Amino acid sequence: MNVNSSCWDLFVDINDTLYCSIYFRHQVVKRSLNDAVMTSNRIAAGTGSEGSASNQLFLPYGIFVDVNLDLYVADWRNHRVQLFQPGESNGITVAGSTSLNPTITLFCPSGILLDAEKYLFIVDHGNHRVVGSSLNGFRCLVGCYGKGSQSSQLNFPTSFSFDHSGNIFVIDLSNRRIQKFNYLKRYCANTSSIIQKIFSSSLTNSNQIYYRDCDKQNFYYESIQVKVFESGYYTFRGSGNIDPYGSIYKVKFNPLDPLDNLLDKEYDSGSDVQFRLNIHLDVDMTYVLVVTTYESKGTGEFSVVALGENKVILERLSTPVNIQLKYPLKLTEDSPTYYRDCQVPHCHYETLQIHVNTSGLYVLWSESNINAYGYIYKNDFNPLKPSENLLLSHGGPKLSSCVIGDQCNVYIKGIGLTLDDILRDDLQPNTVLNNQSFSIKLSAGLTIIMFIAGLINSVLSFITFQSKDSQQVGCGMYLLASSITSLLAISMFIIKFWFVVLTHINVSTSLSALRGGCASLEPILKLFLYLDGWLNACVAVERAVHIFKGVKFDKKKSKFIARRTILILPFCIFGTLIHEFVFRRLFEYETAPDTTDMMYIAGQVVKRSLNDAVVSTNRVAAGTGTGGSDSDQLRSPHGIFVDVNLDLYVADCGNDRIQLFQSGESNGITVAGSTSLNPTIILDCPNGIVLDAEKYLFIVDQKNHRVVGSSWNGFRCLVGCYGKGSQSTNISSTLQKTFLSSLTNNSQIYYRDCDKQNFYYESIQVKVLESGYYTFRGSGNIDPYGSIYKIKFNPLDPLDNLLDKEYDSGFDVQFRLNIHLDVDMTYVLVVTTYESKGTGEFSVVALGKNKVILERLSTPVNIQLIYPLKLTEDSPTYYRDCQVPHCHYETLQIHVNTTGLYVLWSESNISAYGYIYKNDFNPLKPAENLLLSHGGPKQSSCVIGDQCNFHIKGIGLTLDDILRDELQPNTVLNNQSFSIKLSAGLTIIMFVAGLINSILSFITFQSKDAQQVGCGMYLLASSITSLLAISMFIIKFWFVVLTQINVSTSLSVLRGGCASIEPILKLFLYLDGWLNACVAVERAVLILKGVNFDKKKSKSIARRTVLILPFCVFRTLIHELAFRRLFVYEAAPGMSKINENPNNRYVSCITHYSPSIQHYNTAVLFIHLVGPFIVNLFSALFIIFGGARQRAMARTNQSFREHVQEQFREHKQLIISPIVLLVLSIPRLIISLLPGCAKTSEKLWLYLGAYFISFSPSMLIFLIFVFPSKLYMKAFKQSFNRIRRRTTP
């Protein structure tokens, strides 16, 4: 429920509708709790405005809704109780001076209840009492003797409640207490003596058993459901030869928690009545009477007599217990041991895995000649962490999360959450930050952002308040100190965060480092935080004193007090925190001290022979001992399995994979998980693994809450396939539908796999009316094979949408599919035969919870065309792949009149292969335009080459990748596509624009007037580098175009261009960006120094920078020259007598980086593209705010804000220009991070346009730096006029 004000009372009626009284909106609203979607609230009473009319309320308080959905409202300020019947907006006053039959005057009623007999009970808040209605009107019940604090008095009560015995509990607000007023039971002799029901039964050895308490166990019991036809008091008397013990419960009885819902219990009432229960029962409530014996395992007959005002229904609930399993166990000296707790460190134990077919309550007990203990765990038992996953124990509930340690070394957490408490459960030990949870990585990013923001804030504040003008009074001194403490606080915050993260990740951190951090970091962080807060408070006090004293305010005294306060305050706060340094300590708790029989090593599996007489050191079976994801590393290994060949399978939980370590090998092979060679399943922390005799893997996929198993076509889910939950997966055996049909020569055909072809099949649409588990059984004289699919069945890809398949379940059932089906989903059941082209009759029987609809989908196939073909020695040949280089082939052109699914198959005396191409087949490029092949799907576009010579593309799109698919080899430019011709035109335009820009910039900055400071020298160099960058761009473009068009280009030329052009182009681009950043830094220094700016030093630094910077940038790109190479792949080698046939050649310029070099390359990319922008932006901000501060000191008639606005108007181009440069460089950054196998041909202009835009900064030097500047424009005009005069004859 969404409300825009507080709910002062809530009520849920019998239809699960929630009511809310909105006090300040003078309204009661409601909304159904059964609505799946959050809808708007409906008005139950009130107009939304205060008033005393029948349809209005004035500050409504308590509410009550009875079984007839009548709404009663305590109308506080109208001093009345209003009744709103269903559907009525006008209320009826039922209590108060304005009611139809006034018998009581109310003053601000706040609470209201209605009993089963329609009697009203009201908290009369302003009269300090509780009143109730009766046949003769209202009467006072509690607080009838005026306001007070005595036990019989109330002081502004607000609300109240009744318990099942009729006792009243009142919230006595102003007395700050809750008062209980006991209800005195009164029984009439002629009321309770009427016998309404007699129930007779017996307790035997077959009755259900429960534990009444830990000392008294194994009680047979009988549970009896009780219902009454009239609310009132009833008596239940039990007697018999079993010494019965009676208890009565509300709603239900839980034998695992016999105190839950308990209303009353009784034993031995005297004479021949062993128990008697006198209790008030409501007509609309269900109760459970439990009869057991006083002593354990008592048996015999008993009877229960029910007496009361009206009829009582007693029905037996419990049924005789069925012992489902008896499991014999024996603990010996050879049984494994674990560390149970410090008092009993060495305990032998046995574990049993429990599976149940039906959810419900189960009782497990032991009968033994030893003092046995039992514990129940969820999912798994870890002997090293015996409290983990614990559900229930023989000794009681599991330990509270507030307690750390065990009975011998225990610490109970106090109040206050620290960063350690918040992050501890989310941090994974021995796991690098990149593999931590999203919340940890997000927190790390946020801390860095907060630190940078705090650093900027502190620096700007320090710049502001360090001047003498800002320290004329104490406020400036407090704020100067605050700028320092805020920097220290945010610095300690980031230190604290990374200390917690890194020490939890690295579990081998020394205890001395942990103790030091524990004792010091948190108190120091609090010191700076509290100090910052008190300094801000001092500023507020100073300002208040200034206002109070006015012209009499003493500035010198203010500064004197500020100095003393700043010196004394840290010591005062430190004194309040000294106890933290004393009492903070590191709590160390070993899970299993001195338990040398067990070992856990993070990231490692060890082994030792059990036949060794002497205990030797363990040998490493797998893992390096440090967490990692390399082939020789493990991260939190859980389950292991060793097969008969001594191959070790490890459930590598932290890496979400299964690793196979063959005997003697330290490097593992990923056999399951997203990083396996042929991934068919994604795992999330696998923790158990088993291998069967046929080498099929079975895996417990812990965090996906399922068990999966491998098969011939990959992994499939076996158990827990429908999400986390506690439901059983039993299948109903009710017959719902029988489907009869037959497979004939006219049935549709599909290929089940390459080895088994031409299968006739019948497809049947399946729909269910209720979600649940269903069984489909197939039988007949055709040996049927069944498969079931979700949504649709694609005969061209029979593995697509496949849920399950099955063949030969034994006896007369050839297949049986057990599967969960959803009510809002369509499924397709496909029936075929085990052997190819089988025909005959079959039947399918559907069993399940509810009705199943089976409808035939497939229709008899119509063979549209039979085409004879013959391959001979004279048929053309092509290079299919490196393994089968010479293949004869024939091509057929296919046209269809109707869009749909078609099946093409061949019958031949040779091993024929089929391939379908879109538009055209090029025998020189057999992978081009390939749609479907006999052998499976086409190869990924990320792979160049074939099985014998291939390269997998990495990240980063180049101009080669963008244009390759668009360029047509051996075709003149005039016959290329429009995109290529337009791109060629744009490159020429961009080159001309860049050339003009560079010439104009060079003319401007080559004059001595423009080089009076370093800026002119940087911009002169930038005009040259921008010309070189745009020149290399056009060279790059035409090199790519011409070498792709002319396939006969020599490999030496291609290799030279591949290795050199792209790095040189990047060198000039990055150099241009950093020169622009140097200009921004120079301008910022000029503002900072003012008249003290040294022009000679500026020019000297500029000369050095212009000379050194190219070498620095080149050094960051040297790896490109080393790792760039030409990948050459011949599409059909050996098919021509010529040694080198360029037409069959595929050439690509590639970069082959290792993972570490790839990370370095990405970092370099960010530094060169984002670094200059950040420098430009911060320099511009400094120019504006620093200049404004200087002006404010010189011209005091204007405020600092006005100076900032004036500075922004004068220097806005300094803000706009870096933003423009960044926006224009973002496309290049994105292109550099895109995968090299991106489908550029599908959105060519998106990629090509982004590539072109990234070069536009090199054409804008004149527009960005010269055109907005009066000084540079003057220099340009002077230089231009000088050149024009020289050239004029």
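Including glycine, each Cβ sits where the backbone N, Cα and C put it.
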Which range, 273-290, 813-830, 1101-1118, does TrEMBL list as transmembrane segment?
1101-1118
Please identify the range among 530-547, 566-583 that TrEMBL labels transmembrane segment.
566-583
Number of helical, extended and coil residues in the repeat 'NHL' (48-87), per DSSP:
3 helix, 18 strand, 19 coil
In terms of Cβ proximity under 8 Å, which residues at least six beyond the ends of the transmembrane segment (477-507) contact it?
419-420, 423-424, 427-433, 436, 440, 443-444, 447-448, 450-451, 454-455, 457-459, 461-462, 464-466, 470-471, 513-514, 517, 521-522, 524-525, 528-529, 531-532, 535-536, 538-539, 542, 559, 562-563, 565-566, 602
Which residues of the chain, 6 or more past the ends of the repeat 'NHL' (48-87), have a CB below 8 A from one of its CBs?
8-11, 13-15, 17, 19, 21-28, 93-99, 105-114, 118, 120, 122-123, 125-126, 159, 284
